[in-house]
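Below: one structure in structure tokens.
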């Protein structure tokens, strides 16, 4: 038994929904289907969820939003029309939308209900279409499915009892179509996950029903070894471990919602990233463990927007508690640090730059001066972090040398190297402006 | 005006003391002389201070120590005899020793007084000898000199008022000979610095009298670029900064007592390491800043005896405070960490292995499990840390590549690389067994 999740582009149009139906028809093991809201049909198109959020915002501010409702209903109607389905689904949703917004502009709208309607529509349409072509398909609301979440609107967390509830769905016959992105609190209130949360729903369902595989259908053939916007047509990854995937996601690989891997990871269900537009392609398997191969580097990722705060103090390393106190100052200001490499009398704290407002900077510098009595403080901005990722690199001689050579060959200065703290990656800090050049050179060294 | 400090081997015998006298005679700027206790005359010899400590210990345990007193007095007498000086100095010290030990075995001995007698003897002998050859030399006790310290026996810290007291000594004429290793509390109690503390006295005196130079005479021509027991006749360092010296000292360079640099560093007095046995050699200058040179690596040091504790936890980097809490556990157990490199979902804490007793290990592992709920904990023992040190390496492209290539060429796996946290060094963690091979290969790459 498999769980398949189809992303926004897979349900963006009638044509795409037909592809999804063909994929489901071809594989009787796909018993649970999770869907996103209709996404973009082309680069200049809009996502349904974006429009829904805009409607909720405009309603709050007393601004007109009738034209947006119109746009959404037109898209829905077009899909239903081209699939030869009744327009009742669209009308039902229109009504739900109006109810959720409240009767007048001063009512506070039920934002999470509004946001969830794109997924609800996708799931209802797909189940109606599958039924129309002769399959035994049922729309299953997350409430019926038993997806119980915490009461944190826009950022729900799944509660443990959900998994047993979902397991009970196995006894139902036919194909069950579940809208992604939301669950219900114990009190029965609809609450959404963070954005991109349909991946989370899919993973929760896979873990709950104890699927043999969680297939995540998107619009690329696989996870690439490097960002295709930096390297032209890079190699594809056939198998990757959860850990490797996580390290790559961190530094700019946005194929998969970070948190979404957790439920599948916890129970060891493999995840397969596949392409709705090319389902024959084998895709990328994300697994707990893989056979060691000669190629120990699996991918290279890079991301900008980091800054580092450097402090030095003579005989720092004799001062018990120095590092802890420095990190405490950041924690007190609710800034999470990414890395904190330390030398003998030096320590750097690397953070995402967007957390470091002028006000936070002022407070933190002041506190470091007052409380830690350091000799030097320096801030380096606009840094990029590159991750060279691969299980097995820890025990392979020469990987670090190859990587540093590639970066040096690109004439890029390494501001920071952090190897060994992670068993599956090596991290290089460089200037943001050097990012593409360094990544291209690393790709060449490891994959060409 | 210069302060010169002569180490144990420089005052180990009459012959050596004559060399010291010649060095002082040759340079009228040397107005303040600090001396250690007589050290070893050859590899199999003993150090006076070791014998004094043994006497104190034996006295405490009610064991006989007369043979040790005998040995010391013989050494003292021999020196006095060969310098044609009166034996009165030896007799005076013998009496002080007996008084400090107390009248019977149950008295608690004044250990710090016992320990200080080697330095007191050296200073008295040298000043008597210089006088005997016609110089205006005076023995100056640290109490007279105004070296006021905290009441922490065996680990005293200098108090700020000492510097003004010392400055007042400038008005005295002639050469002032001060025993190293100890000072007096405000209440007039003799207290010693940590072992090797004559370097500290020298640095304090240099800072107090505002010397133009602090010369530290030892038995090597200079600081070497690498440990001569690992590389045969390595290159010498002509100029090095305080920061570079500190990084090298950390990982096995024991030329100079770490703490000793601080007083000189604070007021920017340059330190020169010279050889009593070859005073014509230029030695190594330790300075605040130096001209950038093409050779940006100044030295390579390595030391074993480290271990690392590795933890991983899925989505660790989203957990505000994780790193701080982990370090807090070590701090609570009074273990100071050396480095704490972190990955995305991983963090390692590198400590000196000797701090990690079986009991501490048990407590720490338990607390990490209980309080941090991690996925994995691993301990790696018997690691060595190599420091490649040099100001300017931070802005030189290719240094990391050269270093990683050298280590790879030696067929050594890098367990850890930490670059960028310190502005003057790059750190490599390897297996202890690979240390010499890796250091030799690095030396070849950077210095041959």
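Placed from the backbone N, Cα and C atoms, the Cβ positions cover glycine too.
Because TrEMBL annotations are produced automatically, they should be read as predictions rather than curated entries.
Positions annotated as ATP binding site by TrEMBL: B:5, B:6, B:7, B:8, B:218, B:219. If you look up TrEMBL, you'll see B:49, B:119 marked as substrate binding site. The domain 'ACT' annotation in TrEMBL covers B:388-448.
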Per DSSP, residue B:218 (ATP binding site) is which: helix, strand or coil?
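Looking at the DSSP assignment, residue B:218 (ATP binding site) belongs to a strand.
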With an 8 Å cut-off on Cβ distance to the B:5, B:6, B:7, B:8, B:218, B:219 Cβ center, who else from the chain surrounds the ATP site?
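Leaving out the recorded residues gives B:9, B:10, B:11, B:36, B:39, B:198, B:216, B:217, B:276.
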Ranking the binding-site residues B:7, B:8 by other Cβ atoms within 10 Å, which is at the bottom?
B:7
Rounded to whole angstrom, what's the largest C-alpha distance between any two of B:5, B:6, B:7, B:8, B:218, B:219, listed as binding ATP?
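Answer in Å: the longest Cα-Cα distance is 12.
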Work out how many Å separate residue B:119 (substrate binding site) and residue B:5 (ATP binding site) at their Cα atoms, rounded off.
12
For a quick check of understanding: among the binding-site residues B:119, B:219, which residue's Cβ has the most other Cβ atoms within 10 Å?
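Answer by Cβ density within 10 Å: B:119.
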Using DSSP, how many residues in the domain 'ACT' (B:388-448) fall into helix, strand and coil?
30 helix, 13 strand, 18 coil
Within the chain of residue B:5 (ATP binding site), which residues six or more apart in sequence place their C-beta under 8 angstroms from its C-beta?
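Long-range Cβ contacts: B:33, B:34, B:35, B:36, B:180, B:198, B:199, B:201, B:202, B:214, B:215, B:216, B:217.
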For residue B:7 (ATP binding site), which DSSP three-state class applies?
coil
As a test of reading the model: what is the averaged pLDDT for the domain 'ACT' (B:388-448)?
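Averaged over the domain 'ACT' (B:388-448), the predicted model reaches a pLDDT of 91.
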Taking only the Cα atoms, work out how far residue B:219 (ATP binding site) lies from residue B:49 (substrate binding site), in Å, as a whole number.
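Here the two Cα atoms are 18 Å apart.
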What is the Cβ neighbour count of residue B:6 (ATP binding site) at a 10 Å cut-off, with all protein chains included?
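I count 29 other Cβ atoms within 10 Å of it.
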How big is the gap, in Å, between the Cα of residue B:6 (ATP binding site) and that of residue B:49 (substrate binding site), rounded to a whole number?
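So the alpha carbons of residue B:6 (ATP binding site) and residue B:49 (substrate binding site) sit roughly 15 Å from each other.
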